[in-house]
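*Asks:* Just lifted these from Swiss-Prot, have a look:
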type    : residues                               : note
BINDING : G79, P80, E81, S82, S83, G84, K85, T86 : ATP binding site
Amino acid sequence: MAKKLKKNEEITKKFGDERRKALDDALKNIEKDFGKGAVMRLGERAEQKVQVMSSGSLALDIALGAGGYPKGRIIEIYGPESSGKTTVALHAVAQAQKEGGIAAFIDAEHALDPAYAAALGVNIDELLLSQPDSGEQGLEIAGKLIDSGAVDLVVVDSVAALVPRAEIDGDIGDSHVGLQARMMSQAMRKLSASINKTKTIAIFINQLREKVGVMFGNPETTPGGRALKFYASVRLDVRGTTQIKGTGDQKDSSIGKETKIKVVKNKVAPPFKVAEVEIMYGEGISRTGELVKIASDLDIIQKAGAWFSYNGEKIGQGSENAKRYLADHPELFDEIDLKVRVKFGLLEESEEESAMAVASEETDDLALDLDNGIEIED
């Protein structure tokens, strides 16, 4: 009996060695034909943690779970008209440029306001802009920019405005069933691999439409077919809620609106989280406003009555004064922002220390430059 078991083990071992050798030969042939890295074991990947770029909003970074938009993935931002979709995308553009990257904006709607983009922190002199004549042209331009590997972020505004060339050449009233959906499906198949390979973030802004004859369930849908829904790693539903009234002389006028951004799909973190932000007209997302709210909830900023304080020092009476104080003291803003990110697990302790060191060096350099400037003036 023992001899029989031993013989079976030897046969199994021999068979296993032959299979392993056959696999190694197959892997060598694949690498020879398609290049190194065409097939690999999952544990051998150098970067197992998903790389992200901040969205430009602390609340949205927290809702996304990973700390921002995942690199090498497709993002869809959709919602009703004037809900803040383009504003959210422009904050991503400003953040990409802030981190030293190159951003491109495919303006299919031909409606981008350069002054508003600049107000949100976008360097319009460095932003690559295209206003294509057709949907195919816009997607082809986006594809060439992504294939170059030099662009960090591409924004397409919007999918609904990517009109197929056949529809443009035809007459109004002609039926073009499924043309846009086929165009988007082909584009997704073509672009997805290149986006992942070059680690480019591709943001597609989309509109809403109503399904005809829906009696039960949500009648809302997005144009462009289903391909984008499948290929997108993150889908954001942006909706404005209540108007923000001004104070003093502006108490009767609206100066912004509270907006909810729901993560309806997320392949890199748990979905269905909601970010509540304030979008101020002409300014974009109030970064100081969201920081005061989140830091107060975490007791990083202490609130006693109407007063807000940090580390025992009062920073303002009322949220507006606290926001103004943080806007005037960017080094304090960065310090509190880092503490919030560490609290939510978006940064490790070591990353916090290095970020604080960089911020300290920048502050010292700024002070030195100011001193030198004073000496030159004298």
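Every residue, even glycine, has its Cβ placed from backbone N, Cα and C.
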*Asks:* Around the ATP site formed by G79, P80, E81, S82, S83, G84, K85, T86, which additional residues qualify by having Cβ within 8 Å of the site's Cβ center?
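*Replies:* So the extra residues in range turn out to be V238, R239, G240.
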*Asks:* Select the most exposed residue of S82, S83, T86, where exposure means the fewest other Cβ atoms within 10 Å, treating these as the binding-site residues.
*Replies:* S82
